[in-house]
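Only one structure is covered here, and it is reproduced in the block below.
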C-alpha cells in the first residue's frame, strides 16, 4: 500500500479529493475481512501510488491509474479459489507484483506466464495498483494515448511531478534502486573450509552461481536471532530457506498501511505509526521529518530480545518487554554513513515477528536481486523479466490498452539504471540493436536474454581464454586447467590434486547445465570433461575458488610466545564518532570484534548507583555501562577468530568501583577469563594457541601488601591514635623516640642501629601506603587541548582485586629500559604516538626501544589531539617491533586500511601475525649482544600489476543517475623504510608520486591508469605497471588500489578502494573486492588485475666491519689498559675519601674505631626485619 507521507506533504494532491474520501486503511478494510491473500509489488517502484477517492471510484473496483502512471499486478487468491491463511487473513503484498481485490467490474488479467515455457505454479488472479513511470518510457506513451483522461488525473500528475522535483538526488537514488549496493556482513558466516592451495574448499557442488553465493552469507549466530523466524514462516510463494527471486517476498499489507509501535529514545517513549513503503523499501514513522525513516537496503543488523538487552537496560525499559524489543542498526548516507540506532517495542508478539521477519526477508531478497547481474546463468534474468513485465502489463490493464510482452529501449534503460549498470546510453543502444534480431525496436524474452549476455561479455577474459585453450570452441580440458593454475595462477596443484579435480568437475557441470558443450550429460571420465568459457568466467569471478588473497595453511598453529606477534588493536573502542563530542556505544566493540580485532580499549569511570561506566572522560561524549560492554565482548569475542582477546583497561574510577569492575569481569566472563598463570615458574609468555578462546586483562598492578607491612600499618594507626589522645602528637610524623617506643610497646626486638637506619631511610611516614608508579592507572602522556601541559595528572590507585587480573599483560609506567621493572616478562609499556616518535629521533633510545620489543610487549596509541578520530601510519611502529598498534577503527583512513590489510589473509584473520624474524630476536637472555646488534638485510622486491578492468562501479556520492562516470585507477606502494631517494622505481602508467624519486614512510610510490570516459559498468584499462623497491621489511610492503572518478582538471572523487599486503596477494588473474569510503564492501563492484611477484633477492647484508687480527689485538689491549687505569683512579679516590672521613670523626689513621655496645634486647624477628 502507498506511503501516506507523500500525500501529507503535498497539499495539491489532497485538494483534489472529496471531503468524504476514504483514507487508505478504510479502502482496504473490506478486503481484509474478505481474506484476501496477497498483493504483489515491484521492487523497482520509485514513488507510491495515489490513494483511492470515494467520489471517483467505488470501493469495489481498483482505482484507475493517472495518465502518466503505471500499475502493478495483484495476486488475490490461490488457484483453488480459497483465501490464503498464512498471515491469519491479513492482506500481504509480494515484492515484485501488486494487486487489489477481485471484483466482477474489474478486468481480470491472466497471471504472467513464465518465460521460456516454464509454467508458474499456483498463479493468482491479478489486478492493478498504480505506480509512477519515468516519462518517455513506452508504457507512459501508451497510457498517454488512452482516452480515459480526466481532471483528477491531470492534477494528480502535476502534483506527482512537483513531489519528484522536491526529492533530493540521494533519495531518488534510493527509491529507484532495486536493492542494496553494500554487502551486509553477518557474524559467524563461513564460506567453506580452506585448503593450502589458491583454491578454497567448498562443499556445495550444486551451487552454480558461486560468485555471488560466496558473498551472500547464510550462516547465523546468536547475535542474529531473527533469521530463524524468517525461514520458519511462509511468505508468498516460497517456503524455502533461500527465497526464489522469481517468486518474490510477500509483504503483509498491515505493515504497508502502518502499525503502531513504541519508539524509545533517551528522552522519551512515543507511540508512532511505522509504515513500510515496498516501492522504495523504506520504513518511515514521522511524515513531518525527513530524518524519520530508513531504507531496508541500509540495514546493518536487527537485534532482538537478549541480544539487545544492553540497549533496553540503558534506556530503563522493563524486562517484561524484552521479548517484543527490536533494535535496528542502519546507516544514514545523508550523514556520511553514520550508524544510527532505532529502538521500538511491538505491541504484541505477533506484530514483533511480522516486522522482524519481513525486514530480514526483504533485505535478503533485494540483495540477491541486486547481485544477480554479477552471476552467470539465466535465473536472475528470468526474475527481472518477470518483475518488469508484470508492471507493464498491469499498467496496460489500468489504461485499457493492449500490451505485448516486450521491452522498448526506454524500458531497458530504466531497468539497467535500477541495477547499477552505469554506462553510456550509446553503449546500451549498441547492445540493444545487436540483440534486436527482427529490428522491431523491442526485445522479447529471448532477445532480452541475449541483451544481458551482451552487456556481460568480458572481452578481456575471452582473450585469456583463447590463449590457454587449444580449442576454444570445444572447451578446456583438465590438463589445460591444471596448467593454467600452475603456470599463470602460481598454484601448487600437486599439493592437493584431488581438490583441483573437484573444482574442475564442478565447473564442468556448470558448463553442461548451460548447454554450450556438446552432449546432454556429463562424462564420468575427468579426462573427457570440458569447461566452457562462461564457466571459466565464473571460476575467475569466484571468491571461493579463485580468491585474491592467500588461503589458510594446513594445521595452522600459532605456538610462539604472544609477544612475537603483531596484534590487531583498537583505540577508544567505545567511540563510534569523534573523540570529543562523539557517542560511546557497545556497538563499537561489536563491530571491531566482528572485523577481527583482538585488543580493545575500555576507559573506566565512576557511574551512578555504583555502576562503572565506559566513556571518554572530561569530554562531551556519552557513556555506556561497563557490564554491557563485557557482555557484548563475551558474546562476540570469538566469532571472527578463536584466538585470545585482550581488554586494555584505563582505570579512572574509585577503589570501590574498581572492585565492582573486577567482580563484573569474573562473573560475566567466567572460565574464559585468565585469572592466574598457566605455569607458575615460567618466564615466557604463553602462545596464542595456548590462549585460544581466552580473554586477558591488561591493567596496571595493584599494591601488593605483605603481612608484615599490614601489621606495621596497624601499629602505626594505633600509636598515632594514642598520641592524639594524649595531645602529644606533632603532625603526622614520628620522631625516632616515638618509633623506638612503638617497637617496645609491640614487643618488637630490633637492634638500635638497625632501627635507626630504617628510620633514616624515610620508610616510616604516613604516605607509606600511597601508590607508586607500578600501581597507578594508565593515562595519556599528552595534555588534552586547552589543558596546562605542565600540570601533572593525578594518578589513580589500582585496587588489588583488579590489579591481580593483569596476569600476562601487566601495565607498567615507563621510566627507563635499564630498570628491573622493564625486564619482567609480562610487563607492557604504553606510549602515545608523539612520545614514541620522539624516542626514535635519538639513535641510542631507538636501539633500546627495538631491543626491548624483541622480547617484551609494547602498545602505541594515537595522540589526544586527533579529535576527528584520524590515525597515524602504523608502518612506522610495526617496523620497530610494536605488537599492539592501536587505531581509531571508526575512521576508514589509510591507517585502518593498512591495518585491515595486515590481518586480511586467511592465516592473518586470526588477528595475530608473526613478526619478521629480525624483529623477534633470540629467546635467550635479554642482554645478549647479538640480539641488540642484529642487522636487517636489505632485499630487492620486484612485482608487476596489470590493471585490466573494473566491473559495475557504483555512482559516487552526490552524482545523479544521468551523470557520466569517468573512472581511473591509482596504485600506491607503501613500505616501512625511511624516506630515501632512489629506493624504489616504477614503470608503466602515469607517475603521480608527490615527491619525485623519494619513497618510504609517508612517500609511497604512486602510479595511475588512463581515464576511461563515460563507462562505470565495465571500463577497460589494460595498463601494466612494474614496481621495484629496496626494503629491510619485505613483509611490510602494501599495495593500495584506488578507483577515482575524474571530475575535470585535477579534481577527482574517490569511488572505491582496496588495500592488500604484497605477500598476501595471490598471483595471476584475480578479481579484487572494492570498499567505499566507510569501509563497507560493495556487493558487485570488483577490480580485475593480473599480479606477478618475483622472488625477493638479497642485495646488501650489513656485516660488522672486517678488521685484521693485529688490529683486533691492539684494540683489545687498549681497552684492557684503559679499564685498568680507570679502576686504579677509582680506588685512589675512594682511599682519599675514607682518610678524610676518619680525620673528621676524630679517629687516628690506622686505628680501629670503637663499636657501640650492643642492646641486650632480643633480636628483631626475621619477618619484621624484612618488612622494615
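Along the chain as shown, residues are numbered 1 onward.
Glycine residues also receive a Cβ, built from the backbone N, Cα and C atoms like all the rest.
Taking TrEMBL as the reference, the stretch among 706-735, 736-765, 766-795, 796-825 described by the feature region 'Disordered' is residues 766-795.
Under DSSP, residues within the domain 'PI-PLC Y-box' (802-920) fall into helix, strand and coil as 45 helix, 21 strand, 53 coil. Within the domain 'EF-hand' (423-458), the DSSP-based counts of helix, strand and coil residues read 22 helix, 3 strand, 11 coil. For the domain 'EF-hand' (423-458), the mean pLDDT of the prediction comes to 90.
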